[in-house]
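A.B. asks: If you scroll down you'll find the structure; I have some questions about it.
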Amino acid sequence: MLMIFEGVIGCYALVLPFLIHILSSYSFAAETGLTCLIGIAGILTGVEFPLVNKILTEHHQDIAISAGATNSADHIGAFLGAILTGVICIPLFGISGTRLILAALNIASLILIAFSIVYPGRSKAATNSPL
């Protein structure tokens, strides 16, 4: 399931500029449409949180440790993502280039998850993965 959402998020990042361009042509629909696009992105990334937490819970058997690890990783990732995107990527590569980099990172994540499913003996976490 996590693999599916990683692929959808990567594709969404590639399609998003085209959707924004289409919506910007309609003044009334632009505000509502952009709000919906942001909501969709939030839902897609929010769905990953319980999926990862479930995988960790099956591996550690302690929901408190799994929830803490997932929450910590989420906050650290948000901090690093905001700093790297705003300070490095957008000034160097622009918004379009940054979007492509982020889409590539999600697709790379999808590939890593796929390999952990195909070759589950490579890691202990992969053998307990419900994917």
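Backbone N, Cα and C define each Cβ position, glycine as well.
Curation does not apply to TrEMBL; its annotations are automatic.
Look at TrEMBL and you will find 7-26, 32-52, 73-94, 100-119 tagged as transmembrane segment.
Just tell me what is around each of these and how deep it sits.
C.D. replies: Sequence-distant contacts of the transmembrane segment (32-52) (same chain, six or more residues past either end, CB-CB distance under 8 Å): 1-2, 5-6, 8-9, 12, 16, 19-20, 23, 26, 70, 73-74.
Using a Cβ-Cβ cut-off under 8 Å and counting only residues 6 or more beyond its ends in the same chain, the transmembrane segment (73-94) has close neighbours at 49, 52, 100-102.
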